[in-house]
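Trainee: Taken from TrEMBL, the feature active site, proton donor/acceptor covers Y459. Residues annotated as FAD binding site in TrEMBL: P139, F140, G141, G142, G143, T144, S145, E273, G274, T275, L276, G277, V278, I279. Here TrEMBL flags R398 as substrate binding site. The annotation domain 'FAD-binding PCMH-type' is assigned in TrEMBL to 107-289. Annotated region 'Disordered' per TrEMBL: 1-26, in sequence order. The annotation site 'Important for enzyme activity' is assigned in TrEMBL to R324.
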Amino acid sequence: MISATGAAAEEGQLEESGANERWWGWATPSPAPPIADDVRRAIRERLGFGADWVEDPVPPERATIAPSRVAIPRALAELLSDDPRDRALHTYGQSYRDLVRSLRGSFETAPDLVARPRTESDVERLLAWCSEERLAAIPFGGGTSVVGGVEPRVEGDYRGVVTIDLSRLARVRAVDRESLAACIEAGATGPKLEQQLRAHGLTLRFYPQSFERSTLGGWLATRAAGHFATFQQHIDELVESITAVTPAGLWQSRRLPGSGAGPSPDRWLLGSEGTLGVITHAWLRVRPRPRYRARASVAFGDLHAAASAVRSLLRAELEPANLRALDADEAYVTGALDERRALLVIGLESAVEQQEGELEQILDVCRASGGEIVDRGAQSGSAEGVWRSAFTAAPYLRDLLVRAGVLCETFETAITWERFGEFVERVRQTTRRAVEEVCGAGLVSCRITHFYPDGCAPYFTVLAPARQGDELRQWDEIKVAASEAILAAGGTITHHHAVGRDHREWYRRQRPVPFATALAAAKASIDPAGIMNPGALL
Ligand SMILES: Cc1cc2nc3c(=O)[nH]c(=O)nc-3n(C[C@H](O)[C@H](O)[C@H](O)COP(=O)(O)OP(=O)(O)OC[C@H]3O[C@@H](n4cnc5c(N)ncnc54)[C@H](O)[C@@H]3O)c2cc1C
């Protein structure tokens with residue numbers, strides 16, 4: 001396996017590391033530590049290619065950041081910053097395009113100011129000022145968007161851009177033990193909210209791969225998906241009520257376990273990507289911390305055989321908390337298997353009962369579907385354990401890969417089972433062709449991250465040799481080819497990465513026209529000055 005220094009610990013035990021010293025990428029400080037020769041050799045060996053150069057991020061003092069166009073008003077002075085480094089760190093998310101541009105110190109689209117509200121009334125004051133002064137307002141959680149969701153790429157006659165960073169709103173405000181729910185502020189990152197819930201013996205158990213840095217507000221605004229692969233995949237399922245500050249006033253739903261009273265106000269905010277208002281807090285369903293776990297890995301001939309085994313599991317009403325089906329390339333590149341075979345990673349958990357019996361039933365179904373049990377249990381060096389470490393270390397490893405000249409990006413979608421086989425091959429082949437044409441070589445691997453009774457979410461990773469200085473064009477060409485293939489074959493442009501600015505064109509073609517008209521009308525009535533994250537989603 002290619003390992004990254006600073007790799008995060010097991011899910012749920014992650015602490016935020018170095019967020020303050022970070023200058024570039026996921027966790028790279030300035031000056032960046034050198035990349036050892038043996039790491040570069042390992043990259044070349046696993047991938048079959050590698051660049052003969054390594055690039056260090058341009059340090060803050062040499063970065064290009066346009067001067068701020070907006071003066072800080074005295075009444076809001078304690079909430080606003082025009083510090084160039086602060087503005088640079090709020091310019092981008094974490095897509096490959098973002099990493100390349102920030103690596104080169106290019107922050108031409110930096111926000112003019114960064115705001116850090118401490119209360120809902122601070123958010124109200126900020127939005128009122130932005131509306132009056134015609135300033136675009138971009139809510140910012142952890143800045144882990146991979147679709148241009150937080151980048152101030154704003155067209156129109158705005159006088160400037162204010163990025164609203166929610167990091168000071170990060171408390172668990174209340175816990176209702178009777179209903180098993182918690183009121184959590186939007187700026188809480190995964191580790192921050194889990195740390196506070198742990199004091200009550202509770203957990204949200206929502207683990208996107210970006211858990212360490214992404215926030216509750218970001219999860220709600222993008223309809224993020226966590227590690228639960230078979231049941232409560234999206235954050236949507238955990239929501240009791242959401243509160244947001246909009247330019248038209250406070251949007252607060254009632255706390256209810258369910259309601260049939262018309263369209264759901266929460267569903268309007270879920271996936272709104274900062275275009276309607278700033279989500280400030282929400283009531284979420286929480287659960288007792290799991291005490292029992294069981295794990296196993298099963299090898300299959302290919303991804304389709306693994307997917308077919310999962311279909312059999314679901315039909316037998318076996319729904320493990322975690323399931324990831326990796327194709328042969330992904331199992332090999334992550335080091336989970338030493339030969340090229342597909343791998344199904346299985347994880348069960350419960351707060352109330354041992355999981356060994358259910359695991360046994362699951363393994364019986366896998367065997368009957370042609371699977372070979374590779375290991376079970378959490379022993380070190382197991383395929384499941386190696387894959388899990390690679391999964392949590394991936395954002396750190398990505399910093400190394402990008403600096404070492406590897407084009408490294410992912411995209412994801414969803415499709416119903418009856419089209420699954422043809423769909424995956426079509427998207428994979430089209431993307432592979434584009435990678436070969438644009439980069440000359442490279443890998444396109446696929447894993448399935450979420451499973452439904454009627455379909456699943458295929459997730460693709462592209463690793464290819466980058467041409468220094470030409471990376472953005474290289475990725476843009478591959479991305480267009482992949483996105484066109486997804487849409488043509490009937491998939492969605494995103495299962496959980498959201499629309500942002502980068503997927504807008506394909507989202508526009510995917511959604512029904514009357515729905516688009518309704519969305520635009522809703523936005524115009526709630527945000528008449530059009531200040532909320534212009535250019536994202538709509
Ligand atoms: C390494 C890596 C792994 C990832 N893994 C996953 C994964 O497993 N599952 C998944 O779903 N996604 C994943 N993502 C994508 C990303 O983490 C999610 O989209 C996440 O929900 C973004 O949260 P954030 O707090 O970082 O939001 P940001 O990136 O700060 O913002 C994202 C969008 O939400 C809006 N927004 C943020 N906060 C608020 C708020 N309080 N009110 C209103 N709007 C707001 C922003 O304006 C923007 O449009 C991954 C990203 C990376 C880099």
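Each Cβ is built from the backbone N, Cα and C atoms, and glycine gets one as well.
Automatic, uncurated: that is what TrEMBL annotation is.
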Trainee: When you measure from the Cβ of G141 (FAD binding site), how many other Cβ atoms are you left with inside 10 Å?
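Mentor: Step by step: centre on the Cβ of G141 (FAD binding site), count other Cβ atoms within 10 Å, giving 29.
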Trainee: Quick one: pull the CA-CA distance for V278 (FAD binding site) versus the residue listed as 'active site, proton donor/acceptor', whole Å only.
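Mentor: Answer for this pair: 29 Å between alpha carbons.
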Trainee: Cα-Cα, whole number of Å: G274 (FAD binding site) versus R324 (site 'Important for enzyme activity')?
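Mentor: Spelling it out, the Cα of G274 (FAD binding site) and the Cα of R324 (site 'Important for enzyme activity') are 30 Å apart.
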Trainee: For ligand 1, list the recorded positions among G141, R398, Y459 whose CB atom is within a distance below 6 Å of it, in sequence order.
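Mentor: What lies within reach of ligand 1, judged by Cβ under 6 Å, is G141.
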Trainee: In Å, rounded, how far does the Cα of P139 (FAD binding site) sit from the Cα of R324 (site 'Important for enzyme activity')?
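Mentor: A Cα-Cα distance of 32 Å.
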Trainee: If I restrict to non-local contacts, at least six residues apart, and a C-beta distance under 8 angstroms, what lies near G143 (FAD binding site) in its own chain?
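Mentor: Within the chain, G143 (FAD binding site) has Cβ neighbours under 8 Å at L89, H90, Y92, G93, Q94, V150, R213.
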Trainee: Counting other Cβ atoms within 10 Å of each Cβ, which of the recorded positions R324, R398 scores lowest?
Mentor: R398
Trainee: Calculate the distance in Å between the alpha carbons (Cα) of R398 (substrate binding site) and R324 (site 'Important for enzyme activity'), and round it to a whole number.
Mentor: 20
Trainee: Could you state, as a whole number of Å, the largest distance between Cα atoms of any two of P139, F140, G141, G142, G143, T144, S145, E273, G274, T275, L276, G277, V278, I279, the listed FAD binders?
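Mentor: Of all Cα pairs among the recorded FAD binders, the widest measures 20 Å.
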Trainee: Between the binding-site residues P139, G274, whose Cβ has more other Cβ atoms within 10 Å than any of the rest?
Mentor: P139
Trainee: The domain 'FAD-binding PCMH-type' (107-289): mean pLDDT?
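Mentor: The average pLDDT of the model in the domain 'FAD-binding PCMH-type' (107-289) works out to 97.
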Trainee: For L276 (FAD binding site), just count the other CB atoms lying within 10 A of its CB, please.
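Mentor: Looking across every protein chain shown, the total is 24.
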